[in-house]
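What TrEMBL annotates here:
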BINDING   A:Arg48  NADP(+) binding site
BINDING   A:Arg128, A:Ser129, A:Ser130, A:Ala287, A:Lys302, A:Pro303, A:Ile304, A:Ala305, A:Ser306, A:Arg328  FMN binding site
Number of protein chains: 4
Amino acid sequence: MSGDTFGRLFTLTTFGESHGPALGGVVSGCPAGIPITEAAIQQELDRRRPGAAQAGAASTARKEPDRVELLSGVFEGRTTGTAIGFCIRNTDQRSADYSAIKDVFRPGHGDLSYHAKYGARDYRGGGRSSGRETACRVAGGAIAQAFLATLGIMVTAYTVELGGIRAAVPGSLAALGNVWERPFFAPEDAVITAWQGRVAEIKARGDTLGGVVEVRAEPMPQGLGEPVFDKLDARIAAALMSIGAVKAVEIGAGCEAARMTGSQHNDPILPLPHRQEASNHAGGVLAGISDGRPLVARAWVKPIASHHQPQATIGTDGQATSITVGGRHDISAIPRIVPVCQAMAALALADFCCLQTRQAGAMGI
Amino acid sequence: MSGDTFGRLFTLTTFGESHGPALGGVVSGCPAGIPITEAAIQQELDRRRPGAAQAGAASTARKEPDRVELLSGVFEGRTTGTAIGFCIRNTDQRSADYSAIKDVFRPGHGDLSYHAKYGARDYRGGGRSSGRETACRVAGGAIAQAFLATLGIMVTAYTVELGGIRAAVPGSLAALGNVWERPFFAPEDAVITAWQGRVAEIKARGDTLGGVVEVRAEPMPQGLGEPVFDKLDARIAAALMSIGAVKAVEIGAGCEAARMTGSQHNDPILPLPHRQEASNHAGGVLAGISDGRPLVARAWVKPIASHHQPQATIGTDGQATSITVGGRHDISAIPRIVPVCQAMAALALADFCCLQTRQAGAMGI
Amino acid sequence: MSGDTFGRLFTLTTFGESHGPALGGVVSGCPAGIPITEAAIQQELDRRRPGAAQAGAASTARKEPDRVELLSGVFEGRTTGTAIGFCIRNTDQRSADYSAIKDVFRPGHGDLSYHAKYGARDYRGGGRSSGRETACRVAGGAIAQAFLATLGIMVTAYTVELGGIRAAVPGSLAALGNVWERPFFAPEDAVITAWQGRVAEIKARGDTLGGVVEVRAEPMPQGLGEPVFDKLDARIAAALMSIGAVKAVEIGAGCEAARMTGSQHNDPILPLPHRQEASNHAGGVLAGISDGRPLVARAWVKPIASHHQPQATIGTDGQATSITVGGRHDISAIPRIVPVCQAMAALALADFCCLQTRQAGAMGI
Amino acid sequence: MSGDTFGRLFTLTTFGESHGPALGGVVSGCPAGIPITEAAIQQELDRRRPGAAQAGAASTARKEPDRVELLSGVFEGRTTGTAIGFCIRNTDQRSADYSAIKDVFRPGHGDLSYHAKYGARDYRGGGRSSGRETACRVAGGAIAQAFLATLGIMVTAYTVELGGIRAAVPGSLAALGNVWERPFFAPEDAVITAWQGRVAEIKARGDTLGGVVEVRAEPMPQGLGEPVFDKLDARIAAALMSIGAVKAVEIGAGCEAARMTGSQHNDPILPLPHRQEASNHAGGVLAGISDGRPLVARAWVKPIASHHQPQATIGTDGQATSITVGGRHDISAIPRIVPVCQAMAALALADFCCLQTRQAGAMGI
């Protein structure tokens, strides 16, 4: 109820802020018998690590090993069906970096809204609003992906736009190749040089950039999603919008759909085995329920709030003042946010897969 | 869990399909003592009624009185604090209109995905996936708005784009005037003629249109929203995306934010009483929690799936066929979807307002 | 969250008080394809009807037809998998009976606690705290039983004690015969005369009686229940204790278990097909999870609070006064509470059956 | 949904089994500003520690330091309003003790039901069904009690019966004195010798004992609890019955209530300041909502399943066999279960206190 838990059947509950002893979480409702290793979770965590090769110049030099430790729920390499606890220790807590912002609200951050909500705030590194919280999403998402893998479902995220420069996006996971080996987790090679140039230019000005992440899941089972309020696309939207920097979410054709006519937008339904040859403006969701086409969603990410130019703001005393944010910060949430988007989509899908087994067809207690 | 309930503390549970005896719902968790009348709920329902003056040529001529009856939870004109039940009878059930689609899946509708999910479907008018389901959202939303009114919060929705034509949008509720008196629930007078022309043109071609709805809430209390997964914007996104035709959701600057730099995007924090004079790219939400600025969100609505041109599809036997959808259908979900968007935003806010009272500042049992 | 919903996957949400236009509810999450008729639901409702033959002298002469109407979710005689709405109109609303208690709190009723909670109360017949609310539980329970029947699970409740007089209770559903044909829903014939005598004696004194109801479910699948907080017995306890008059709940040997030693209490585990021949002190639940033995639970029911003797109390002004409750009231919640106990157990089991399908063994999306 | 979370607003999510690296949990929804220290949590944990002076001869000699570590959510000695994570390392994992039971199901334990549910089980020490899991409940309960203390509410549990011998129970917390200083957490001195004799006798026979724990909360605010399914007593029943060894739960007069007449059972409502002088058969709950009288509940605890006498059972191959359980085990869950009962009641009350603030009277956003 306080928003520390995501999901209904396959759930992730997280705790932790950037400067406490540790972050961690509990995955509850994961079926028994799923193969899980710390190494597989660690691989996902390493992808959101600052300084990873893929992040290139867009990320801070700050080092956080983000070493995950599994604490329960896995026995002899497989899930037992009971709660999976995990922990990630905080090791790099330079509190001194943050003392300057104790009494001033940084624009674009949660400083003012947290202060208003709780009457006080842990000002060290943003406390619970820190992007560091997303490490637990990635760990939980890795467990969700292990479960989805047993159902043959694969979820992948990649950057499709950075600083206003759009990449060419292949139309299938097969055509994407391994996005994790490309800088910025790009979906193609050609755009990388342009993105590197844009980052260098903005970095020199002490400013920051936004971008767009696309998530694809395929092959998709039919029937995931619920009729009214818990439509598959509604949960995907909530999943992606719950990531701090995301300001818009699209499904399939997204905003473009609103400018098409019905005859342009409707996807023909082709008989098998030609089903996947038709357009997929719906993004794999019809009336909130998956139709077996690939799920396609996009998250629009705002620029990092911590730029190095002076900003007008107020102090905790309510008086006008100015702040210039120092410290080590990423130029863009891209690409570190990419595995986070993938994790959230995987968590949402894992939850629906658990839910789906109770429907008529699957009911066989 | 099956998606028939929205909210956590202030909840709406709905039931009903387009061709059963009735639709209805239960509002649970509404505080005691809130003034509620059937007339106030009816007024909201009348706004989504087909054939309302405001809908103009965009809506079908089909008549549905959508008469709401309050069944419980209100005593001597005020809520008792216990469950509020309501019912809307279906009176216009021309089942004959739908027999032609019993064995064929309509593209753009939930026919195929429902069939895959449940192994069968109520093919009359879309069953539970019918837009008629939204009448219950509007009724529940009217109760939410009555509650919000006691806190001084006002939520309003209006059309900002139709068929690709953008309206000029005033920057405050005060400047909007009464959108309910304008055709298409437009935010200004000038755009109406262009929209009417676009509708007439498309109608003549047997095609349909999409558009964009904006929702504003002001004044907003500070502190609504939860830190991680239940951010205010995540819940608003889920609320709007759960409406059948919505394919994208934006908060504040939305997609545009991803193309700004940090120094362009961050809103300065001005001291009171000048707070509202600054830009509001954040749309009133920082780190998932309201900061006291107006909440601004937009829903991008796809064109109505039931156009009158022939479409390639399959039958329940899996074989290729073609369908031309007949019957009476709206040209666009605009403007009937406008009060639905308003209702969903009101429900999400009412829920957060109930949740908020338990935070530190308000804790005073 | 406001307690109007029971269950997690197979849920019942209810509304309604004794003197509003109607009571009703929504069953959400019932799998598709389950045969449901109004007649089957009506049969269960008729069992809790005052004046039913079985109730004998223990029940009021007040007539409430309690006619249920299905409003959605059933198509061609089977559930569609979407929300099932139903409604029960209030037809016998003699408000005049209750005006005397508007300003005085009746001992043993919720008058004082509701007043304290909500700042006001619907004093007509207890409002939401009226036993009439349980009609919706019985209707929802009938739908749960229809679902359980497709899994071969049968749930039955019966009276085992009335006014301190214990019945002899057979050890299996087969040996019980049809409890619904016996007065008081007794588990045997011999005790009936003694119970009738006890009721007549107490009625003459203007006083009321309590009793004990037992619920059995068999055959039971193995594996229902969750490890820690949502143990099968914990949910059954909550289900039964949520019925207004219940003040204690036992599972299996119940209170007696606390006075046995471990060697007396542990049930031997016999190999199939002899499993059911061993003792069943555990009541079919080990570590919170069903072990395949019959589920056995008992609800201890307090005497009806509305007796006809004068009682010391206070008025809404806080001053001491006295009240003698008039009107038509049952002598005991027994036997009308029996189908309510059965309904609640059925709802809890139906919910666990839906939940169970997602476990490892059943996972086969 | 998998039962690892207790509560709705003030929630505790736990993970961990007896032989993994660690147990732990997340408290979510605790208001900001509550003073919390590791020492206060540790004090509660020490009370359920085996070998504590109070446990006397009833407990095993096994040593588990159960050292709690706070990982998040507390800043400068007070809660921040965000998730509170904590961890308890397992240090005494003699797996060798358990290898003998790998292929045999112990009667009275969850071995068979877990095996049936998950298709496999962590046989070391009961895995998730181990009583060790309750350490996390006690840690979470300590945080709940810190919150309740700020509202002036005090919750205390104590043993009222052991091995069939009843203690004399004072009628108020004030008269109880400090139960934590007495062996068995007894409510009076006189019964202790008799209990010690009973334990010694049973221990000599290699058998085990059950007992009864009472929980009292006072002073109680009025208005806690929800009308229908989430009655205060229903949640208390679920809270206590979710503890592994509990087989019955009573509220107030409990089972005795079913044998009283209405005129005997109803508690008079006395004007203030004499309110507390009347009988309290209701146990502080009327129609599911607290009336301001002390909350009184009792949990009936079965004997420890691990006695040292031979028992008939089956192996994982389904064949009949016999088992004699060895190892170090408590003679009774009493008194180690006492702080667990207290913790569960505190968690349930903390949750209702958070929920209550949203009602009409307290609504003041």
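These residue numbers are counts, starting from 1, taken along the chain as shown.
Cβ coordinates come from backbone N, Cα and C, glycine included.
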Under 8 Å Cβ-Cβ to anything in chain D: which of these binding-site residues pass, A:Arg128, A:Ile304, A:Ser306?
A:Arg128
Give me the largest Cα to Cα distance among A:Arg128, A:Ser129, A:Ser130, A:Ala287, A:Lys302, A:Pro303, A:Ile304, A:Ala305, A:Ser306, A:Arg328, the residues the record lists as binding FMN, in Å as a whole number.
45
A:Arg48 (NADP(+) binding site) and A:Ser306 (FMN binding site), distance between Cα atoms, whole Å:
18
Can you tell which of A:Arg48, A:Arg128, A:Lys302 has the least company, meaning the fewest other C-beta atoms within 10 angstroms of its C-beta, among these binding-site residues?
A:Arg48
Do any residues at least six apart in sequence from A:Ser130 (FMN binding site), in the same chain, have a Cβ closer than 8 Å to its Cβ, and if so which, in order?
A:Glu17, A:Ser18
Please determine which of the binding-site residues listed here (A:Ile304, A:Ser306) has the lowest count of neighbouring CB atoms within 10 Å.
A:Ser306
Taking CB atoms only, which of the binding-site residues A:Arg48, A:Arg128, A:Ser130, A:Lys302, A:Ile304 fall under 8 A from chain B?
A:Arg128, A:Lys302, A:Ile304
A:Ile304 (FMN binding site) and A:Arg48 (NADP(+) binding site), distance between Cα atoms, whole Å:
15
Check the DSSP secondary structure of A:Arg128 (FMN binding site), expressed as helix, strand or coil.
helix
